[in-house]
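One structure below.
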């Protein structure tokens, strides 16, 4: 069978990828009296007296809503909520498989920002966290920022931050090979959508100061007269301080790092040759990268990462989001802040030892069982240190719990 035939068969024969499963058995009247009436009234009364006990007595503490409006699904674009549902189911499968997090798809039949925000807010009693997924820019930025302010559970747009965290982790290790520092490099990013914006924000937070971002109209700079929006205006305030104009070809000269989250073929061998010596290339357009790895290496690239599993250094969000939510849920975090994201970056990067580090191995493999426990531990610790954790736990216990819950490779 072809990939298409296999994929359709898997989804059809199982009627999707998720089901509801009870943690307790109801075999007799006693079981029924405990799981439902009259016994169920006891946790209800306790939660009514202390709302935080909802985490002790219900699924909330391990349940994430995977929310989409279907406007930016993979490489398929605006295909609507029903067509997005298989992706949301798949995301829930990854949450469970990689970190034991229960997740449920919520595909919303609206693109209205106010309606999406209000709907998610109304779901807060049920879910311990919210993963926003495949929502087009600029709505994705607005929705996330509003929900972070208007709810008290972690809200995380994975298309932005998951990609950013794994990319920066890869760059941390790639720079070890080059001997360069974050504060000294020039970075050119191509693609000003959700992932691109989040990557340069995290890089700036990490100490990178020489950043130029390009979109389809060329270099973004403060005061550019066309093709701007609120998010690009915000980015322009801390990037491209020399206000360079022109195309990607013009601004990439002497850059140390290229980060692409744009379209296939956007980066040419000639552009790579115009960069600084031994440039680092992260070409993450899917299904085909901005430049093929062999072409980038022929042009002088020292390290090349893509979004594909058939090339070395795959930038895969599954290295980030399961462990991030595991750590956040286990401390009952109210938010996922910058410190927690940076902790995730450091945890992922640290799993590649100095002995293992090479041009073809700067990012752990997606099925490396060490990743989710390490990320969960680091994120939980950072949450407690920055005051967004509701409870105190031993970070090592979080790691051990994650190891036991992870079912990949079994």
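Using N, Cα and C of the backbone, Cβ positions are placed for all residues, glycine too.
Record note: Swiss-Prot gives 133, 134 as divalent metal cation-binding, and the candidate from 102, 159, 210 in that site is 159. In terms of C-alpha distance, the listed recorded positions 91, 133, 159 place 159 closest to residue 286 (NADP(+) binding site). Here the Cβ of residue 134 (divalent metal cation binding site) has 28 other Cβ atoms within 10 Å, regardless of which shown protein chain they belong to.
All protein chains considered, the CB of residue 159 (divalent metal cation binding site) has 23 other CB atoms within 10 Å. Residues within less than 8 Å, Cβ to Cβ, of residue 36 (active site, proton donor) and separated from it by at least 6 positions along the same chain comprise 26.
Over all protein chains present, the Cβ of residue 91 (active site, proton acceptor) has 24 other Cβ atoms lying within 10 Å. Close to residue 192 (NADP(+) binding site) in the fold, though at least 6 residues off in sequence, lie 213, 214, 215, 220, 231, 232, 235, each with a CB less than 8 Å from its CB. Cβ crowding, taken as the number of other Cβ atoms within 10 Å, peaks at 317 among the binding-site residues 286, 317.
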